[in-house]
Amino acid sequence: MDRPVTAGQLKEKSLFQDSDGSAVPARTVCHNCSKLKIFLGALAFSFFAKGFSGSYMKSMSSQIERRFEISSSIVGIIDGSFEIGNLMVMVLVSYLGPRVHRPKIIAVGCLIMSVGAFLSVMPQFLMGRYNYERITVSVDNSSTSVSACSPAWSEGPAATDATETLSTVINAGCEKTTNSYLWLFVLVGNLLRGIGEAPIMPLGVSYIDDFSKEENSAFYIGLVRSSGMFGPTLGFLLGSFCASLWVDVGAVDVDAISINPKDTRWVGAWWLGLLICGAVNFIASLPFWFLPYSLPKEGENENLKMSHLSVQGDHCKMDPPAQPQLKFSEAVKDFLPAVRKLFGNPIFVVFIFLTILQYNSLVGIITYEPKFMEQQFNVSVAKAIFLIGVVLLPVTILGMFLGGFLIKKFKLHITEMAKFACITFLVAYLLNLLYFTCSCEVLQVAGLTAPYSGIKHISSSKHVYVASCNAECSCKVDQWDPVCGDNGITYMTACFAGCKSSSGTGRNMVFHNCSCVEGQGLGLGNSSAVLGQCQRESCTKAFPYFLALQTACAFFLALGGTPTYMIMFRSVSPDLKSFAVGIETLGGRVLGGLPAPIYFGALIDETCLKWGTKSCGGSGSCRVYDTKEFRNVYLGLIAGLRAGCCLLYLVLSVLIMKRFKPDGKEMADIKNAERSASKELDTANKREILPGSRTSEESEETYM
């Protein structure tokens with residue numbers, strides 16, 4: 001028998017009723033509120049950790065490609081292994097989400113990501129030091145080398161026939177080793193990262209939406225996602241720093257290296273940042289082990305009437321709510337009806353197709369943007385990564401945060417969210433089309449993109465490697481150690497430039513008496529060449545314009561990102577929110593994140609003009625691209641994918657406006673459901689429905 005509550009007792013203990021009908025002291029309610037804030041902070045840091053490691057891996061794509069001497073399409077497969085990991089567990093995790101201990105599952109995921117990062121580092125300690133392609137030059141006591149153009153110093157096959165393929169070049173005495181396949185460690189590590197990241201988004205977001213006020217849900221989710229964007233920012237900054245360091249830093253004399261970070265043979269310390277990423281992911285897992293299975297709905301206890309209060313001596317000590325037992329047979333039985341219910345919702349179906357196209361364009365950009373900037377605008381990969389981290393990502397964070405803030409400030413309902421998202425994306429697409437105006441000249445490489453001007457050609461094929469000025473040099477067609485002549489043309493090696501002598505060592509080496517440079521109008525005996533490719537001034541001038549366009553485009557895309565994401569939550573029934581997030585993430589990862597790096601990379605490979613050669617023969621990574629074709633392929637793919645997004649945004653807006661009319665039955669049902677939320681909660685507790693969900697009958701009536 002409950003005792004009556006006196007004013008003194010109420011002031012002293014101030015009890016509220018928990019979801020299971022037991023009395024909860026006010027300090028317990030406040031404690032639960034603080035736990036929600038702790039969860040928000042922990043989830044934000046886990047978003048930071050996964051974004052930190054993910055962006056770092058993206059920024060190291062070029063370094064991994066060069067270190068393991070693989071093509072861009074293979075790099076795409078390595079990148080896609082992350083999505084395969086998501087595919088393996090995403091559906092299961094998302095569907096079982098509300099039925100399991102969500103914080104602990106997120107903790108396990110963070111630990112798996114940490115293991116994956118550490119595993120990816122293993123090749124650095126298993127393979128030898130990195131040896132880049134370079135010509136062999138003998139230096140005498142006077143520090144002046146013998147002729148680079150000399151048959152005596154030309155080892156290997158000579159470039160007597162321009163149709164000779166690089167794959168047939170095999171150095172004498174060379175044997176393939178297991179080093180050729182050590183990139184599989186990186187692939188498996190990325191696979192584990194995908195498995196570990198799978199539960200963070202669907203379980204974390206659904207946990208927030210279940211236990212926070214509806215008007216605060218969008219703001220909290222936007223806050224967590226925008227906070228998580230600091231991870232990619234710092235990840236790209238770390239990538240920029242590591243890309244500027246030599247891969248074997250600390251083990252070799254950097255001053256003796258003859259190339260710089262702008263060279264396509266340069267490999268940065270890609271492994272160093274992965275050690276940091278693994279440690280950050282481990283730290284991110286720690287708070288989730290101490291968070292409860294569920295929490296009271298935010299603000300729920302404040303609205304309960306005083307008549308529901310009771311004081312019972314045995315309630316002074318609170319026990320945490322019991323976790324419901326999950327029956328696997330029931331979960332499997334309800335799976336297909338849940339799938340039919342989701343895909344019977346046309347708004348959700350259109351949203352999934354929209355997500356897939358957006359994933360394709362976004363993943364393609366993130367993976368190959370540094371390479372595009374390097375090849376198109378003559379900037380180093382380290383600088384390109386740095387600019388992405390300090391310019392593009394902070395603007396994206398601002399846009400995402402502002403999008404969530406506008407939803408909360410103006411209390412936008414789903415129709416207004418759809419219009420807002422559609423308009424912002426159309427503006428971003430128009431800015432995207434202006435990318436094509438940022439043209440840049442093709443790198444002039446003798447025999448590849450430019451003829452040996454004024455020189456009689458030995459061969460009539462497309463790529464003329466040999467001319468009369470270097471015919472006696474017996475140059476090796478498989479080598480790539482570029483030099484820039486006084487005439488502004490790049491030559492594949494000093495041998496192809498016909499250089500007779502050189503002075504200096506390392507990156508300060510200068511070649512003299514280059515016959516192919518002399519033949520283009522320069523004085524005989526006075527022409528020279530320096531190590532490295534020639535700079536393209538017009539490309540450098542166009543780069544700030546391109547960066548400004550990208551910044552504006554990123555802002556408008558991010559501004560509509562949070563409203564777009566909230567459309568999914570407002571268009572499905574509450575008991576399917578976690579499952580919907582999982583399906584959305586799964587569709588984007590499998591049909592967007594998995595194939596996009598592969599087909600982007602394969603098409604980019606088609607624009608390659610000169611492939612590197614592995615020490616044991618076979619093609620390595622690309623050294624020179626046709627920048628015009630590269631631009632058309634890369635920007636054309638992005639523009640085409642986003643054109644499809646524009647169409648789907650219009651269709652989505654029309655469907656939402658038809659379904660959620662202000663005076664329509666759908667909106668009236670939703671308002672009635674909101675007014676009876678407290679009553680529904682009591683009914684749900686009696687029927688043992690999971691926290692934050694509604695009865696199946698009400699959900700069907702409201703959302704179908």
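The backbone N, Cα and C atoms fix where each Cβ goes, and this holds for glycine too.
What TrEMBL lists as compositional bias 'Basic and acidic residues' is 676-689.
Here TrEMBL flags 39-661 as domain 'Major facilitator superfamily (MFS) profile'.
Each residue in the domain 'Kazal-like' (463-518) gets a DSSP state, and the totals come to 10 helix, 16 strand, 30 coil. Taken from TrEMBL, the feature domain 'Kazal-like' covers 463-518.
As annotated by TrEMBL, region 'Disordered' applies to 676-704.
The transmembrane segment annotation in TrEMBL covers 36-53 (among others).
Taken from TrEMBL, the feature transmembrane segment applies to 74-93 (among others).
What TrEMBL lists as transmembrane segment is 105-126 (among others). Away from its own ends, the transmembrane segment (105-126) comes close to residues 43, 46, 49-50, 53, 57, 68, 93, 97, 179, 182-183, 185-186, 188-193, 195-200, 203-204, 247, 270-271, 274-275, 277-279, 281-282, 284-286, 288-289 of its chain (Cβ-Cβ under 8 Å, at least six residues beyond either end).
The feature transmembrane segment is assigned by TrEMBL to 229-247 (among others).
The annotation transmembrane segment is assigned in TrEMBL to 267-291 (among others). The list of residues near the transmembrane segment (267-291) in space but at least 6 beyond its ends in sequence, with Cβ under 8 angstroms from a Cβ of it, reads 35, 38-39, 41-42, 45-46, 48-50, 52-53, 56-57, 60, 63-64, 66-67, 103-104, 106-111, 113-115, 117-118, 120-121, 123-124, 130, 132, 189, 196, 235, 238-239, 241-247, 249, 261, 381-382.
What TrEMBL records for 347-368 (among others) is transmembrane segment.
Through the fold, the transmembrane segment (380-406) approaches residues 55, 59, 62-63, 218-219, 221-223, 225-226, 229-230, 232-237, 239-241, 243-244, 260-262, 266, 268, 369-371, 373-374, 412, 420, 547, 550-551, 554-563 of its own chain, all at least 6 residues removed from its boundaries and within a Cβ separation under 8 Å. Marked as transmembrane segment by TrEMBL: 380-406 (among others).
Residues or ranges marked as transmembrane segment in TrEMBL: 418-436 (among others).
The list of residues near the transmembrane segment (543-567) in space but at least 6 beyond its ends in sequence, with Cβ under 8 angstroms from a Cβ of it, reads 218, 221-222, 225, 347, 351, 354, 373, 377, 379, 387, 391-392, 395-400, 402-404, 406-407, 412, 414, 417-418, 420-425, 427-428, 431-432, 434-435, 438, 652, 656. Annotation comment: TrEMBL describes 543-567 (among others) as transmembrane segment.
Among the features that TrEMBL reports, transmembrane segment is placed at 633-657 (among others).
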*Which one of these stretches, 229-247, 347-368, 633-657, has the most C-beta pairs shorter than 8 Å to the transmembrane segment (418-436)?*
633-657
_Applying the under-8 angstroms CB criterion, which one of 36-53, 74-93, 229-247, 633-657 scores highest with the transmembrane segment (347-368)?_
633-657
*Mind checking which residues reach the transmembrane segment (36-53)? Cβ under 8 Å, same chain, six or more beyond either end.*
103, 106, 110, 113, 117, 193, 197, 200, 204, 207-208, 211-212, 220, 223-225, 227-232, 234-235, 238, 274, 277-278, 280-281, 283-285, 287-288, 291, 295, 298
*Would you mind listing the long-range same-chain contacts of the transmembrane segment (74-93), meaning Cβ under 8 Å and 6+ residues beyond its ends?*
54, 57-58, 61, 64-65, 105, 183, 186-188, 190-199, 202-203, 363, 367, 582-583, 585-586, 589-590, 593-602
